[in-house]
């Protein structure tokens, strides 16, 4: 009994709770004492005498008197109470019970005094804040669960103040930034049809340009960017499809799955006639942070695209992992692919023979992502062990590896830029930009308010798109300057965690795509020149 009773976030008077504790304690202790004494006492005599004794015992009530007397006075009082009461309990048992009640009372006295001291400290902090002209909106500092130690309570209160001020400040700054960038970041189209969350997406590198999505519903889909229509569905995997990447020149797709395999499959699609895009700027403006109610969210069973053709068999199946294959990518030239798995290894395969060329081991925990350099034979893998590794295959005779420990939590993704940079994102709510020529420390660090998932960097302007757990998507430049936050309201934007972002700068209608656990992918039009001009 060294803590205040739990309940609503208030400082409760200890004696309010003491009554219940004492009653329960009396029953328990009495039963234990009687059990150790050979069983329940049996009354003798007639039934009338028994009823009279019960009525006499019922007339006596137990009372706990608060007192500041010394231990000797307490013991004397106990003896007087024992002698004055008419009870069938043995004298030693009654004395033991009263001694235990006294200990309970002293414990609650200490808690009461400690709570008074904590209340005075809180009032002092409130007075100090009021003197400095600072207020905390919606926060009552006199409320909340208080720990038994004053130092712990003060630390907790300080942390609460910091969190509240950070949240309010971030909200104000975010609202200003979103207002200025709303005209240059517009939602163009939604791609709806998957029956579960979408883990990954990417756009083809060759004609025809289509959008590919990988979903936990065991399928991958190809979409018309202009119309939002599903063009093809791949159903060859037996588990969640965690990643999708397209061949640099051929109409082939590479998918990684929870069934411990990666598939290479061919596709042939015919683009439909484009339809006019609705002007989203004419929609009524609304607050960006309006939350969705459960009734408004499209969480029901969605009718998937039934009229699009299906591909059921892969051209090549890559097998050698002993765990979930979480990501896969093509090496430059498209003759080799690399896969990353939860078995803590990344594998390099030959596409033509489907043979394992190298097994890249060294991570201490499950891998989360892999990425290849667009022009060089370089691979970067990220892991839950808070590190990412750079694998160099430029020299066929030497395969070097470098380990980078720049984060404090799971590295969710690490990607190359066209130049000599690597950008890493983590669950520690930071994104770091690294120079390949000097990777000892990051050249820029971006701190956010939510975990960062699979990031993407635009080819031309090197703008980083950050998808967050809190449903937000933010844009930064390589120096860490925030450019914009994509609109999110009750009419547009993601309703669940955003899992991935992908740039497609060559497309005129949508040059950025995002996907998430709300079972949809979204195409955005980012006016990059206007965005950079605002900076």
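Each Cβ is built from the backbone N, Cα and C atoms, and glycine gets one as well.
Database features, via TrEMBL:
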REGION    41-76  region 'Disordered'
COMPBIAS  61-70  compositional bias 'Polar residues'
COILED    101-135  coiled coil
REPEAT    191-233  repeat 'WD'
REPEAT    234-265  repeat 'WD'
REGION    278-303  region 'Disordered'
COMPBIAS  286-303  compositional bias 'Acidic residues'
REPEAT    318-359  repeat 'WD'
REPEAT    360-401  repeat 'WD'
REPEAT    404-444  repeat 'WD'
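Note: the repeat 'WD' (404-444) comprises 0 helix, 21 strand, 20 coil (DSSP; helix = H, G, I, strand = E, B). In the repeat 'WD' (318-359), the DSSP tally of helix, strand and coil residues is 0 helix, 24 strand, 18 coil.
Counting only same-chain residues 6+ beyond the ends of the repeat 'WD' (360-401), those with a CB under 8 A from a CB of the stretch are 323, 326-332, 338-348, 407-416, 418, 422, 424, 426, 428, 436, 439, 454, 459. Each residue in the repeat 'WD' (234-265) gets a DSSP state, and the totals come to 0 helix, 18 strand, 14 coil.
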